[in-house]
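Listed features, source TrEMBL:
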{"type": "DOMAIN", "residues": "20-544", "note": "domain 'Metalloenzyme'"}
{"type": "BINDING", "residues": "28, 81, 471, 472", "note": "Mn(2+) 2 binding site"}
{"type": "ACT_SITE", "residues": "81", "note": "active site, phosphoserine intermediate"}
{"type": "DOMAIN", "residues": "101-322", "note": "domain 'BPG-independent PGAM N-terminal'"}
{"type": "BINDING", "residues": "140, 170, 171, 206, 213, 286, 287, 288, 289, 361", "note": "substrate binding site"}
{"type": "BINDING", "residues": "430, 434, 501", "note": "Mn(2+) 1 binding site"}
């Protein structure tokens with residue numbers, strides 16, 4: 001069917017020649033922010049990237065790498081490596097995150113997919129547990145999606161359902177938890193009338209229970225584990241409404257920081273611990289605050305806290321939260337299978353392709369770039385090289401990572417004359433940035449810059465063209481900031497380190513001796529994003545992009 005809809009022959013570009021070697025370099029976690037001491041890209045010695053930025057203004061520009069530009073619901077959503085490489089490779093914007101879940105629920109596809117059928121095996125004898133943020137904020141989860149999951153599961157054989165709720169007050173107004181609980185309790189009461197044993201089993205505030213991120217504080221996850229899995233918490237109530245109203249009445253209490261509680265029966269016994277044979281779904285669609293719980297639920301050799309009891313369960317996430325770790329291994333909503341990606345088009349038009357990174361980002365320049373698809377399109381025209389990442393250490397211990405090795409392999413590929421395109425990812429800015437180690441991240445940025453130099457030198461030698469870009473920000477801002485943009489301090493007066501991605505734009509730079517002298521960046525695209533890169537790369541190979549691709553970033557003017 002795909003062959004019928006796709007004419008794989010790309011039209012030639014009217015003025016740009018074919019046959020030049022094109023190097024596509026993705027610097028992971030390399031955004032553009034104001035220069036200060038917490039901008040590791042600014043602090044680091046990065047002469048090559050500086051020269052691209054300060055060289056010819058018509059050959060360097062910024063594009064959007066977060067939010068709607070990469071298919072996420074809102075511009076408060078930071079980009080990530082998976083959606084960034086999807087957009088870079090696909091040349092179009094595909095629904096990601098909440099939008100993807102909405103589509104799967106609307107079409108009913110969610111009930112037919114592997115993830116739901118996997119957890120459904122437990123419905124006969126076990127309990128279905130749903131864990132996540134009870135909120136309509138739309139940043140991590142949405143109440144209406146939870147309602148549909150509860151309803152759909154009960155219609156498909158779930159006889160016993162337990163909700164483990166986390167109150168919000170961060171993406172929504174403080175105090176709105178009460179209304180959300182009233183709404184879901186009405187649904188659960190209706191199910192009980194229909195003979196389904198459906199109840200809230202535990203709860204707590206999102207910042208104090210379960211939803212830590214970037215391994216900042218495992219005790220947050222442990223508090224959740226104790227309540228959700230073991231059925232133990234310092235506060236016991238007969239129902240969730242009473243729990244939240246009582247705990248909110250304490251001095252200085254708010255939804256974000258409510259202590260963990262469990263719901264107990266008349267005899268004081270927890271109504272919903274997670275036990276052998278149960279199914280568990282974490283219903284947040286956003287990954288960053290679910291990864292730690294997913295590790296505790298799924299990893300057999302987990303050692304971050306004493307789990308006491310590890311039930312044998314069937315666990316699925318709403319989505320897969322980490323494409324690198326393949327975590328969780330089962331999920332209710334699959335990533336979009338993206339057809340007609342730029343990589344496939346170019347290979348089918350004779351472009352011989354080399355792709356390379358180290359393990360942590362290898363899938364990004366292959367699997368995600370190719371529309372969430374494994375393997376080669378044509379192994380006679382493609383070679384993918386994975387360089388093993390350091391294991392058993394945190395990345396700030398060896399911040400240069402494998403940048404040099406990636407660059408050496410890529411240089412050799414360029415000089416071999418066997419390839420028309422080389423495509424690489426240099427992970428340093430992202431992987432070291434996530435550790436929060438500012439000094440190490442500065443070293444990481446310098447190493448990435450040195451790797452870019454090696455690749456561009458090889459491009460120079462063969463008369464080729466380069467396009468250097470990034471998938472999202474990280475290393476360019478390593479500190480949490482208040483609304484005025486000033487660094488935030490903790491109680492002891494130390495700066496609060498930012499280990500996450502950012503909402504910053506990323507650069508795109510083009511050049512090389514093979515670049516037609518009339519090429520420059522267009523100024524008429526309102527908010528260009530990562531998806532505009534694919535058509536641009538096709539042009540650099542001498543082709544025009546398909547009509548439904550996001551428009552190219554470049555134009556040719558007579559010089």
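In case you wondered, yes, glycine gets a Cβ from its N, Cα and C as well.
Whatever TrEMBL says is automated annotation, not expert-curated.
Known features from TrEMBL, placed on the structure.
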{"residue": "28", "record": "Mn(2+) 2 binding site", "contacts (Cβ under 8 Å, 6+ apart)": "81, 361, 364, 425, 426, 427, 428, 429, 430, 431, 470, 471, 472, 474"}
{"residue": "140", "record": "substrate binding site", "contacts (Cβ under 8 Å, 6+ apart)": "132, 133, 171, 211, 284, 285, 286, 289, 290"}
{"residue": "213", "record": "substrate binding site", "contacts (Cβ under 8 Å, 6+ apart)": "288, 289, 291, 292, 500"}
{"residue": "434", "record": "Mn(2+) 1 binding site", "contacts (Cβ under 8 Å, 6+ apart)": "29, 214, 395, 474, 499, 500"}
{"residue": "501", "record": "Mn(2+) 1 binding site", "contacts (Cβ under 8 Å, 6+ apart)": "29, 66, 78, 79, 80, 430, 472, 473, 474"}
Practice prompt. Report the same-chain neighbours of residue 287 (substrate binding site): residues 6+ apart in sequence with Cβ closer than 8 Å to its Cβ, ordered by sequence.
Written response: 80, 319, 321, 322
Worksheet, complete the sentence: A correct count of other C-beta atoms within 10 Å of the C-beta of residue 430 (Mn(2+) 1 binding site) gives 29
Item to complete: Pick out which of the binding-site residues 171, 471 has the most other Cβ atoms within 10 Å of its own Cβ.
Response: 471
Discussion item. With an 8 Å cut-off on Cβ distance to the 28, 81, 471, 472 Cβ center, who else from the chain surrounds the Mn(2+) 2 site?
Written reply: 26, 29, 65, 79, 80, 84, 85, 361, 364, 425, 430, 470, 474, 501
Practice prompt. Starting from the Mn(2+) 1 site formed by 430, 434, 501, give every other residue of that chain whose CB sits within 8 Å of the mean position of their CB atoms, in sequence order.
Written response: 28, 29, 81, 429, 431, 433, 472, 474, 475, 499, 500
